[in-house]
Amino acid sequence: MLPYMASYMRNFTDPSVRIEHMMWIPTFQGCFPFAMVIGGLTSTTFSPRISAFIGCALVTSSVALSAYAIQHSFALFFIVYGLLFGLGSGIAYVTAVSTAINWAPDKIGVVSGIVAAGFGLSSSIFAPIQTMIVNPMNLPATKDGYFVQPELLLRVPSLFTKLALIYGIMQAIALVVVCDPPFRIRHSGLGSLSEFIFSSSSQQRYSGVSYTRVRLDEQVVVATATTPDGNSDPSKSRSNESITNDVNDEDDDDYERPVFDNGENEDTTIQLTPKEMLKSPTFYCLFAALFCCSFYANMFYNLYKTYGESFIEDDMFMAMAFSIASVANAIARIGWGYLTDRTSFQIALSTATCLASVFLLTMPMTRELGKMAFLFWLTGTFICMGATHALFITATVKCFGNRHKSNNYGYLILSTTTSGILLAAVSQFYLKAIGYTYLFIITSIFPFCAFIIISCIQWTPQGKLVT
């Protein structure tokens, strides 16, 4: 969308607007400050469904209002399509991922990967839709990445209205299934939904379950022992009163305990509040690593198209290439999550960041190798980028506990805001001077720095939990 939006505003709203200025919009779309913290609070105060509804309503409203804002000023468009969209997106996303984890707390990596995959997979659907609506004739951009054809540019405002309608319908359907698991399932000791689905037999599921007494409200009937001559023997019987007293003598807390009690499911893990987490060196290691990962991911995600269009004059190919890379990214998010559950956060992220450094360092070669090589590098980098969304929520839960995961992750995700601001500033003031070749080379340093940081995390207080 960036080339379309920048081209429209240059021709109809503000001639001084460039693609580099538009970088501020996706920066705040994806990481509005404290949006995920707010999402954690709304989810806890109200319910996951209400929290997700608030986020979805903000997103859809911002898209609809953007049709008006883009025709008036860059500042108004930034507020509506950048800040308001980012606020709603952050609230909805953290609600979805934390709710899904509640259903399968023993498969954090896979579950967060699945939610992140859905978050990323939408791009593969909407990128071609946006291109077909705005540029159905596959008109080329200029060498600078701008479109100048009036018939193309005039379709941009109406695109936002159509997208808002589609988003609203999809979100209304999705909200039906956003809910926490029932209380009795969460606290029964029978494990999570994933155990129910993947267990080989019911015997295996109940093998670790013990039973506890349940209080009976009705009258207890007890048989009386008899002597050989047919008379009752009080000395060999227990009265209803004594049994009732025995039951009442027990601690009343037993009545509040679940019928099934699995000792393995007792919450004995570390549970840090946001205030406690902010005092931990482990948090700052994760913060720095996420800063580096989000910087390279946001840079590539936002500028791959303008870079590609500098030597590929095929807008439809760019849309389809992005769709293919997005599907690979979505599958990779699940794969990175599965790898984390099977090995560790440290191994999975180290693999992703090292591969990302290689792809970014060699990305300028695609200018000479052609558009199919560009597709290969695009897909490979997107696969590496998939680790960022899937893995850091997993590390947050494993290091700081499940109880405050939404708020804790909200504070961690602020690192993406700081990296986004740095990226937007670099793009606006230095991109034209340094060019794409040196931008890719410099950016390749960031995932390598993340690799070094994560390699040292085991020496922090909670770091051993993710190594």
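Any Cβ shown, glycine's included, is placed from N, Cα and C.
TrEMBL annotations:
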COMPBIAS  225-234  compositional bias 'Polar residues'
REGION    225-266  region 'Disordered'
TRANSMEM  23-43  transmembrane segment
TRANSMEM  50-70  transmembrane segment
TRANSMEM  76-96  transmembrane segment
TRANSMEM  108-129  transmembrane segment
TRANSMEM  159-179  transmembrane segment
TRANSMEM  283-304  transmembrane segment
TRANSMEM  316-336  transmembrane segment
TRANSMEM  343-362  transmembrane segment
TRANSMEM  374-397  transmembrane segment
TRANSMEM  409-430  transmembrane segment
TRANSMEM  436-457  transmembrane segment
Verify whether three or more Cβ pairs under 8 angstroms connect the transmembrane segment (50-70) with the transmembrane segment (108-129), leaving out any pair fewer than 6 apart in sequence.
no
Need a quick answer: max count of Cβ pairs under 8 Å to the transmembrane segment (343-362), which of 23-43, 283-304, 316-336, 436-457 is it?
436-457
Count the Cβ pairs between the transmembrane segment (23-43) and the transmembrane segment (436-457) that lie under 8 angstroms and are 6 or more residues apart in sequence, then report whether there are at least 3.
no
Do the transmembrane segment (316-336) and the transmembrane segment (159-179) share at least 3 Cβ pairs closer than 8 Å, excluding pairs fewer than 6 residues apart in sequence?
no
Residues of the same chain, at least six outside the transmembrane segment (374-397), with any C-beta under 8 angstroms of its C-beta?
97, 101, 108-109, 112-113, 116-117, 119-120, 286, 289-290, 293-294, 296-297, 300-301, 304, 308, 312, 321-322, 324-326, 328-337, 340, 345, 348-349, 351-353, 355-356, 359-360, 362-363, 365-366, 405, 408-409, 412-413, 447, 466
